[in-house]
Amino acid sequence: MSNEYFDPKLKIFSLNSNRELAEEIAKEVGIELGKSSVTHFSDGEIQINIEESIRGCHVYVIQSTSNPVNQNLMELLIMIDALKRASAATINIVMPYYGYARQDRKARSREPITAKLVANLIETAGATRMITLDMHAPQIQGFFDIPIDHLNAVRLLSNYFGERHLGDDLVVVSPDHGGVTRARKMADRLKAPIAIIDKRRPRPNVAEVMNIVGNVEGKVCIIIDDIIDTAGTITLAAKALREAGATKVYACCSHPVLSGPAMKRIEESPIEKLVVTNSIALPEDKWIDKMEQLSVAPLLGEAIVRVHENASVSSLFE
């Protein structure tokens, strides 16, 4: 991508969820971030001011709905409304991490489908396009009636491990049945077999038993997941793999939510290295030596340029 992009009608704005990533994306595209400010009234209400003309412009707003989830979501909705009222030609939301994605269906009676509600809010506010990364449930794309580009970080994560030459005895592991498609994509890139962690609870109030489907004895295992939240699943999976004879266990994910006891669990686990992306900004207290962070800015920057130029983005999905 060129160092400078000469279309004054292309604007990129950042809100507060991940300004560092937004700056990287703007640098990848070759433009400066747009000027805006986010302030608060004395009672906590959010006030947004766009400090330059965006009339007739194609605007891209970088905002993950990560912690604080509700604050970041309200910032985004208010920003969309401000852009709409300032006569932006298109309002494109770049949401590296889509919060509330784990509430994508009614698992029990009288539950909301909050992922659909969030989609409705974004559309109603005035967004004209979504660009996002590794949604927890890909079918959330169907909750939107506007175009949505659903990118994934499998290529980025696969390249990281491929460049480390971990040997011929690699196995890519899905920590549950829902992640098999993701694991298979990485396995195809690394030319490795896959294994699956099959979690079962024999009866109520009895601890889950982790069965491993596939051969991991004497193998180097790479666990891939979309989200690591409290890290319970992934650290228990790593322990089960080592007990089954794996020589080393690595882990990676697109979205490092890392809530509650996550850092302690990862530190004490047999995981050699945890590789994450910067879809979520990580404070210093969510950082340990065995972690490494990869940037999704080149991927998102390329997507922005292709969308703006009406070029195909299909190769970015692979």
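Every residue gets a Cβ built from N, Cα and C, even glycine.
Listed features, source Swiss-Prot:
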ACT_SITE  Lys199  active site
BINDING   Asp43, Gly44, Glu45, Arg102, Gln103  ATP binding site
BINDING   His136  Mg(2+) 1 binding site
BINDING   Asp176  Mg(2+) 2 binding site
BINDING   Arg201, Asp225, Asp229, Thr230, Ala231, Gly232, Thr233  D-ribose 5-phosphate binding site
If one looks at the chain holding Ala231 (D-ribose 5-phosphate binding site), which residues at least 6 apart in sequence have a CB under 8 angstroms from its CB?
Leu258, Pro261, Ala262, Met263, Arg265, Ile266, Ser269
For the binding-site residues Gly44, Gly232, which one has its C-beta crowded by the most other C-beta atoms within 10 angstroms?
Gly232
Which is it, of Arg102, His136, Lys199: the one of these recorded positions whose Cβ has the most other Cβ atoms within 10 Å?
His136
Distance in Å spanning the most remote Cα pair of Asp43, Gly44, Glu45, Arg102, Gln103, given for ATP:
31
Cα-Cα, whole number of Å: Thr230 (D-ribose 5-phosphate binding site) versus Asp43 (ATP binding site)?
32
Pairwise CA distance, Gln103 (ATP binding site) versus the residue listed as 'Mg(2+) 2 binding site', rounded so that it is a whole Å:
17
Please identify which of Asp43, Glu45, Asp176, Asp229 has the densest Cβ environment, defined as other Cβ atoms within 10 Å, among these binding-site residues.
Asp229
Should Lys199 (active site) be counted as helix, strand, or coil on the basis of DSSP?
strand
Whole-number Å only: compute the distance from the Cα of His136 (Mg(2+) 1 binding site) to the Cα of Asp43 (ATP binding site).
34
